[in-house]
Amino acid sequence: MRVLILGSGVIGTTTAWYLAQSGCEVTVVDRQPASGLETSYANAGQLSFGYTSPWAAPGVPGKAVKWLFEQHAPLSIRPTRDLRQLAWLSQMLRNCTAERYAVNKARMVRLSDYSRDCLNALRASTGLEFEGRQLGTTQLFRTQQQLDAAAQDIEVLAQYGVPYELLSPAQIAQYEPGLAGGGAQMAGALHLPEDQTGDCRLFTQRLADLATQAGVQFRYGQQIERLEHAGGEITGVQIDGRLVTADRYVLALGSYSADLLLSLGLHLPVYPLKGYSLTIPIVDAQRAPTSTVLDESYKIALTRFDERIRVGGMAEVAGFDLSLNPRRRATLEMVVNDLFPGAGDLAQAEFWTGLRPATPDGTPVVGATPYANLFLNTGHGTLGWTMACGSGRYLADLMQGRTPEIDTEGLDVFRYLSTRSTRPHREAA
């Protein structure tokens, strides 16, 4: 079976790997000169299998109003003329109920838990290295209100058997001794021991190298223009003015996936959430984090690499704008100085921004479409790397006619389509 994958970020690359391992003839196309150079380039560095939550949560609408007037707000909305932005925000607000939050979080935890197992198996079989650590995530709560609000998340963790430990303020330094050098006061913390860290770009590019050795063809520097279709199937993809064909197609273009589907009559509610990061050289390892620390107040993660600290977070609903906002850099620097003062050389930090492909309910869109030979793998939001291996393995199983190893309810695009849309019949490969 010939498969054409559109996009070579972490999602497209992991999908290519699993399809190649299944015996498929895989080609990956991307406009960049290498894999992992857009949203995968400098994300927060977290593999957050335990800390998996949708942005659409109870209380967020009220907080969003308050954040409009805060300098270091974790979420900001900059209206554009794109009506899809308004539609996406409206759908997100409808998912901010306790009932919808519980359903959406459960779906996300289910996929993240499976993805952890897939990643561990991948590392064991390939020896893939990406400055990874397996020391967990420590989520910091600055207020008792934040600590109390975590109770619902803990219930979901317990339901799915995800290990966790609640920490008193005195216990936090056992996992992150560098925090003792800062002056921030904490009400407590939640430690998730199975979470991991690493450099997503290194992971993506080194996995692309392994995939190439396994027979995958990567075609870089090529512009994907449109999908051609007839009779309920994709007949090819226009790439740099020529038609490229395959037996089946996978769309893994992140925030840009929705535009390509419009000509098919599919309205995919995936919209960019702009995030920022700083990558800081370490000057004092004793003052630096040992793994990932997540500041609940500012929704910012601080992650330790070998000789660097990656500080990332925040979300701007601002369309496809990739300009660097100096106010966001100031927020990242403020959090670093508050929690780990003197750990890194901020003057040498690399400031970056990327567009995370987000759905209104937080759950990605992975699986079949109304077009018999078109599959989607997008919409992972801030958790693309966390869910990448599980999403890629599940999609490979689905496309090969194998029974997936997890419950796939609510993962595909049909949860957003009208009841008149039907799932196409497919023969096993």
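A Cβ is built for glycine as well, from the same backbone N, Cα and C atoms used for every other residue.
Here Swiss-Prot flags 3-17 as FAD binding site. Around G7 (FAD binding site), a 10 Å sphere centred on its CB holds 28 further CB atoms from the protein chains shown.
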Practice problem: Using a 10 Å cut-off, grab the number of neighbouring Cβ atoms around the Cβ of V3 (FAD binding site), all chains included. | Solution: 25
Exercise. Measuring CB to CB from I5 (FAD binding site), give everything in the same chain under 8 Å that is also at least six residues away in sequence.
Key: G12, T15, A16, L19, V26, T27, V28, V29, Y249, V250, A252
Practice problem: Would you count the other CB atoms within 10 A of the CB of T15 (FAD binding site), including those on all shown protein chains? | Solution: 31
